[in-house]
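Scroll down for the structure; my scribbles are underneath it.
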Amino acid sequence: DVALCKGFHTLLMVIFFFFFNKFYAPWCGHCKKLEPIWNEVGLEMKSIGSPVKVGKMDATSYSSIASEFGVRGYPTIKLLKGDLAYNYRGPRTKDDIIEFAHRVSGALIRPLPSQQMFEHVQKRHHVFFVYIGGESPLKEKYIDAASELIVYTYFFSASEEVVPEYVKLKEMPAVLVFKDDTYFVYDEYEDGDLSSWINRERFQSYLTMDGFLLYELGDTGKLVAIAVIDEKNTSVEHTRDLQFGHMDGNDYINTLLMDDLTIPTVVVLNTSNQQYFLLDRQIKNAEDMVQFINNILDGTVEAQGGDSILQRLKRIVFDAKSTIVSIFKSSPLMGCFLFGLPLGVISIMCYGIYTADTDGGYIEERYEVSKSEIESQEQIEESKEQQGPSSGGSLVPTVQEPKDVLEKKKD
């Protein structure tokens, strides 16, 4: 099994240059939910003649292989490309998974040779990055960032003649991000590390939020303003300091905040320190919303949550309670087995300890009583010997023995 584990990656790369694999566990509910979607992904990739081969592996049966690929939970989706393994962490929909496979299996930096090709990319992708210029240290940093972040977005290269006329560049080479019908230019002095800048700018200004997206936004350090609503909200605000979006329903946000929010409402999350801000006013128009956000920025709105020790303990209790409730809801029989069996064993152990102490005390007490009776009897016999007949022949009155001693002698 160890030999198989060490050679499995090499064997796959000999057979398939691209291998898209799902690691699963038979008992995992999320894995069962993903199964029909994964089958559709495999059929579509085969029908379009993709070089990416789709497969799956039971990680509980081949635990050493799963461990080699760093599998920590189920399901885990990885695309193997040469000697590299790319993790998929996006939404578990067929279209998103297939787009990930196409993006990662293709060239790391895709060239844009013409303006027509540039316009085609603009229509197809909501967010993409472009390096403009020749060989330079900036290009090397761009390639390094692309190798790390290709799992999230697309990277292109082009000459200055290919980019649209409305793009104005102060210096070359340059890295640009195109999104929200505009563009932004990377400035090394203002924006800092290139990879961090790309990671912050790879999101549109307004998004439909879900658990995967909030998890990814956690690395950006941005404030995230979320409208928790029932229906789709198409209003858009543009700013680079805040991330705007909406979320359909309040189930996920209630779990995240350990709170009970009513809808519709607005909540602002601080992804850098786990704090959040709730509305302190009734939002009637855009001006009220802007004022609310300004109050957050100047510190007049009270922050809730955070990452203090108390909050962490509260999270542990909340997660444990949620896990127990979900287990009993999904499988009451398994819940009774998981929690009833340990409680039963503990109860038997406690009963055994209690009864053992009781018996020991009874034996010790009985032993002490028997010893006191023997000592009392010995004292009586000694007194009788000392009260024998005297030399003067006088009679000494007989001492009457205690009633309980006489009864014992009679017995």
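Note: Cβ is positioned from N, Cα and C throughout, glycine not excepted.
Residues or ranges marked as compositional bias 'Basic and acidic residues' by TrEMBL: 401-411.
The average pLDDT computed for the domain 'Thioredoxin' (1-106) is 81. If you look up TrEMBL, you'll see 1-106 marked as domain 'Thioredoxin'.
Among the features that TrEMBL reports, region 'Disordered' is placed at 373-411.
Annotation comment: TrEMBL describes 6-24 (among others) as transmembrane segment.
What TrEMBL lists as transmembrane segment is 333-354 (among others).
Here the transmembrane segment (333-354) has long-range neighbours at 324, 327, meaning same-chain residues at least 6 beyond its ends whose C-beta is under 8 angstroms from one of its own. Assigned with DSSP, the residues of the domain 'Thioredoxin' (1-106) fall into helix, strand and coil as follows: 51 helix, 25 strand, 30 coil.
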